[in-house]
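Written out below as structure tokens is the structure these notes cover.
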Amino acid sequence: MNYTLTKADSDNNNKKYPKQTIESVSDPLEEYLKKNIFMGKITQLLHKLVNWGRKNSLWPYNFGLSCCYVEMVSAFTSVHDVARFGSEVLRASPRQADVMVIAGTPFIKMAPVIQRLYDQMLEPKWVISMGACANSGGMYDIYSVVQGVDKFLPVDIYIPGCPPRPEAYMQALILLQKLINEERRPLSWVIGEQGVYHKKMPSERVQKRSKRINIINLSTSEKI
């Protein structure tokens, strides 16, 4: 049996069909688009506004492990003027910071302390791994050093070097600002139907691992 949907004529008060009641049927897809195009644009504008404020007001946590921390602090001097990027306000408490820079060698004894400080930071939060020791353990391939801080923390930006220069740290801030501006950062703790759960946030290395493995042609240093 074929069914035909007829739009009701509200002006005539259903005079065309006096013996039956006609229900007005609206297209749910059309209503969905009308509703969400407008609300979606407002949501996008709000997210862009929030991301703009976040990327220009980063609050790094005053936290260092070894020699790379000296290069990080050098970026806060008047020579480099990191205040141009809105991240010159070092916070003494993790509850007032949203960026953690792992500058130095992460020892196994320090890993639980770093994890606890990271958990106390504000949401959303970002992690910068600064230096070869923080990236992969560096030259300390021994039992007492964690071979990469991304073993227990989700890292967003990696800074190579031993130690990296302050300009490299400033370049990392620029990359972090682009990252914040382009994506909607999820919260680590999510409230769902089954209660509150911890969202797994993989590091940048894990996310790009398959793409890097499939690379056949390597780019020159000028194109990187």
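From the backbone N, Cα and C atoms, a Cβ is placed for every residue, glycine too.
Sequence annotations record features per position, and here Swiss-Prot assigns [4Fe-4S] cluster binding site to C67, C68, C133, C162 based on sequence analysis.
Where Swiss-Prot records a feature, it is marked here on the structure.
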residue	record	DSSP class
C67	[4Fe-4S] cluster binding site	coil
C133	[4Fe-4S] cluster binding site	helix
C162	[4Fe-4S] cluster binding site	coil
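Excluding C67, C68, C133, C162, which define the [4Fe-4S] cluster site, the same chain contributes S66, A103, G104, T105, M130, G131, A132, A134, G138, G161, P163, P164 within 8 Å (Cβ to the Cβ centroid), listed in sequence order. Under a cutoff of 8 A between CB atoms, and with a sequence separation of 6+ in the same chain, the neighbours of C162 ([4Fe-4S] cluster binding site) are G131, A132, C133, G138, M139. For the binding-site residues given as C67, C68, C133, the lowest number of other CB atoms within 10 Å of the residue's CB is seen at C67.
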